[in-house]
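Feature annotations, courtesy of TrEMBL:
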type	residues	note
DOMAIN	103-179	domain 'GST N-terminal'
DOMAIN	216-335	domain 'GST C-terminal'
Amino acid sequence: MRRVNGLAAICRAVGGVAVAPSAPGNHAHQHHRLFQAALFSTTSNNNSSARSHWFSNNSISGDESARAAARTVAGTMLFSVAATTLGEEVHAKEPVQSKFRPKDVVLYQYEACPFCNKVKAFLDYYDIPYKVVEVNPINKKEIKWSEYKKVPILMVDGEPMVDSSDIIDKLTKKIHPDVSTDSVVEDNEEKKWRGWVDNHLVHILSPNIYRSASEALESFDYITSHGNFSFTERIPAKYAGAAAMYFVSKKLKKKYNITDERAALYKAAESWIDALNGQEFLGGTKPNLADLAVYGVLRPIRYLKSGRDMVEHTRIGDWYSRMENAVGVSSKIQA
């Protein structure tokens, strides 16, 4: 309890610079960067200065580890069982002609960033091999070369691309250059729902994954274990980040006029399924860019309590399983 109370000092100004007094070599600007990295869902994709990390569910120790493992298995089954019982075959991957396939693709990312995962869903679906460079959210040394200091940054054959939606638009044109302009223009529904992902769905998820102190802690346990943190950064980042984002999530809930975060999440999931209008995907028999966007930003929360609850209480599980099957395995290669 003493540790938590001490860390509460970092939240004296919610949404401002968070400082963990006990962190070795701590500096205010370092923690500000850390919480900027965590706060990915506070604005739209086009003008985000702060967005929210979403993380997988990790256990801590002992009996809790066993319980968490059981919950993870249950969550995985909820998301995956429909894929094994579908009456119709879903064809994984969308082929790209080799002459149009980028030859060197490098993604600068945070592992749990929803917008980075949106780009990865596109790359995986089109089977475009890519390397990943995990960015340290405190010093961002991996992107010192770039004037753009956010992620994702995608280097495509030496050309930097930024902003997830813009990256996907440019890649779509790059891999389909022989398609007429009229043919690649999005229909109204696809455009509408891609905007909905960036401007609505991401704002609902942050208050959900940081809803309680325990959910915030399990989230930061994952990011500090899988992100690019030094040994001395890991522990203070975990506890300071969890404490800060727990309080920040309350501010986000108020900012976006969310009364019940779980109810808002369930409503969003049901709205998306309604939009399918009985089809397998919004794109019909195969995913379109809106399907990939929704799937991409949801993928990092699939083992979180919020993700498990969403599947249990809404109809989204079958669609998610179809997307999981269609997107297939990762196209990531070793850097």
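Just so you know, glycine gets a Cβ as well, placed from its N, Cα and C.
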Task = Give the residue counts of the domain 'GST C-terminal' (216-335) per reduced DSSP state, in the order helix, strand, coil.
result = 86 helix, 3 strand, 31 coil
Ask   = For the domain 'GST C-terminal' (216-335), what's the model's average pLDDT?
value = 93
